[in-house]
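Novice: Structure provided below as structure tokens; questions to follow.
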Amino acid sequence: MALLPVGIRFIISFSRDQWYRAFIFMLTFLLYASFHLSRKPISIVKGELHKQCTAGDGPESPFSDPSSSTRHGPTHWLLNNETDCGWAPFDKNNYQQLLGALDYAFLCAYAIGMYLSGIIGERLPIRYYLTFGMLASGAFTALFGLGYFYNIHSLGFYVVTQIINGLVQTTGWPSVVTCLSNWFGKGRRGLIMGIWNSHTSVGNILGSLIAGYWVSTCWGLSFIVPGAIVAAMGIVCFLFLIEHPKDVKCSSTLPTHPRASENGINRFRLQKQTTYSEKNGPLDPELQCLLLSDGKNPLHPSHIVVLPADGNMAAISFTGALRIPGVIEFSLCLLFAKLVSYTFLFWLPLYITSVDHLDAKKAGELSTLFDVGGIFGGILAGVISDRLEKRASTCGLMLLLAAPTLYVFSSVSRMGLEATIAMLLLSGALVSGPYALITTAVSADLGTHKSLKGNSHALSTVTAIIDGTGSVGAALGPLLAGLISPSGWSNVFYMLMFADACALLFLVRLIHKELSCPGPAAGIQAPLKEH
């Protein structure tokens, strides 16, 4: 018998289940990368919506008033319907506040919508829900770009478009995280989701390059092309997304070690012993360790989420999800971590334009290095948290290093492109690492927490609560940057450093619990002890 071709031998070396999981991994990666691809153009186009006046109109500093040169009549209008100093109404002296309003409109709507999205998503098929969101997102992203071709200069048009786009984009994150968690168990979740979460940076990079290609010649296409890509991926989602392994008769991935307990904050290998609560019977020992309030007494039994035992897993309530240990702390931590990340997402190209005096296209391309650093930061955070089996401690370490790094960034970025490039990579890794870990592995761990008694229906709500709270910070960050930047970019960096410190503060209790509770790092199966 002739030997099978190498390619065929490679294909059959993997099981049917493994091929399906690889397919879902890549599909959800591309689906959410397209969401981020559509969010990036606004930050690239800012430099074109408001730009320095031509030499004939006189010099302009980054914070000077260019509006006087754009109100003298049609002689100052170019063939592409924009003025020498930008696109009305963003050519005025308060352009930073107006551009900040666009960010705030999108992110505030996103934050509010996210709380509702998880609840709605648990009650609808993921494939239909996500398809609708992607088609609508593509339409409203493209609608923003149509303002260029139809010569629209109404601030209200752009703000309303951003609000609706922010609402429909909330369908994405809870859906893809829930789908991926259905297919992948808890083993090496930090590494798997750390790699998978690089879709954020990949989407940002592609969005920057696509938007940058047209920004100086026809900025409307910087929105229309990404919008078309998101809509096309929505059709792909409808045709190919498989919500759960059981839908194609695949097995669900189970934890490798049946005696090892995992909770998303830490993973413990404990001697098999049982504790009891008054009403609920056996309580998982790792859950008891997590619930210890002062090292001696467990918290009130109400902190345990009780679900029906008849096998009919109803969707968890909002308050029930909040009672899962660690949800509130990680949500508040993400609020400040995402504030920092989204400030860079929306304002970094404009900062580079101001400091390094580059045009919008080159600044957009250079800003992608922050996302390149974010890819490595997310993977590194996942690997470290899997190795140490301490999610909160990993986030805390990176947040601790991020604050002084931002200070150095603000100091050396004015020294030339080489210094800016180095600090973009380092800052991207440290800023994006905790953000990536919390929104993926931590959210998935908490959404499948032992206290839920196996109810996977909680995952979408938990993910939405954590990311929704983080999105409040994402809305505040760009808004504050727009208000603070006229007083100097250094003050913006001080604000970001303060936010990192606040994010770390909310993890102190969980870090203390991780370091005080026994774990497998000790190399033995230790009994649960009172501390």
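Here the Cβ of each residue, glycine as well, is placed from N, Cα and C on the backbone.
Swiss-Prot lists these features:
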| type | residues | note |
| --- | --- | --- |
| TRANSMEM | 18-38 | transmembrane segment |
| REGION | 53-72 | region 'Disordered' |
| TRANSMEM | 100-120 | transmembrane segment |
| TRANSMEM | 129-149 | transmembrane segment |
| TRANSMEM | 157-177 | transmembrane segment |
| TRANSMEM | 192-214 | transmembrane segment |
| TRANSMEM | 222-242 | transmembrane segment |
| TRANSMEM | 332-352 | transmembrane segment |
| TRANSMEM | 364-384 | transmembrane segment |
| TRANSMEM | 392-412 | transmembrane segment |
| TRANSMEM | 419-439 | transmembrane segment |
| TRANSMEM | 464-484 | transmembrane segment |
| TRANSMEM | 488-508 | transmembrane segment |
Novice: Counting Cβ pairs closer than 8 Å, which of 192-214, 222-242, 332-352, 364-384, 464-484 has the most of them with the transmembrane segment (157-177)?
Specialist: 464-484
Novice: Using a Cβ distance cut-off of under 8 Å, indicate which of 192-214, 222-242, 464-484, 488-508 has the most pairs with the transmembrane segment (332-352).
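Specialist: Between the candidates 192-214, 222-242, 464-484, 488-508, the best contact partner of the transmembrane segment (332-352) is 464-484.
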Novice: Within the same chain, where does the transmembrane segment (18-38) have neighbours whose Cβ lies under 8 angstroms from its own Cβ atoms, ignoring anything closer than 6 residues to its ends? I mean 6 or more beyond.
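Specialist: Here the qualifying positions are 11, 130, 134, 137-138, 141, 169, 172-173, 176, 179-180, 183-184, 192, 196, 198-200, 202-204, 206-207, 210, 226-227, 229-230, 233, 236-237, 240-242, 245, 248, 250, 253.
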Novice: Take the transmembrane segment (100-120) and find every residue of the same chain, 6 or more past its ends, with a Cβ under 8 Å from one of its Cβ atoms.
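Specialist: The answer is 39, 42, 129, 155, 158-160, 162-171, 173-174, 315, 318, 342, 346, 460-465, 467-469, 471-472, 474-475, 478-479, 481-483.
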Novice: Report, as numbers and ranges, which residues of the same chain sit near the transmembrane segment (488-508): CB under 8 Å and 6 or more residues beyond its ends.
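Specialist: Cβ under 8 Å, 6 or more out: 329-330, 332-337, 339-340, 343, 347, 351, 354-355, 392, 395-396, 399-400, 402-403, 406-407, 409-410, 431, 434, 473, 477, 480-481.
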Novice: Looking only at the recorded stretches 192-214, 222-242, 392-412, 464-484, which one has the largest tally of CB-CB distances under 8 Å to the transmembrane segment (364-384)?
Specialist: 192-214
Novice: With Cβ distances under 8 Å as the criterion, find the stretch in 129-149, 192-214, 392-412, 464-484 that has the most pairs with the transmembrane segment (222-242).
Specialist: 129-149
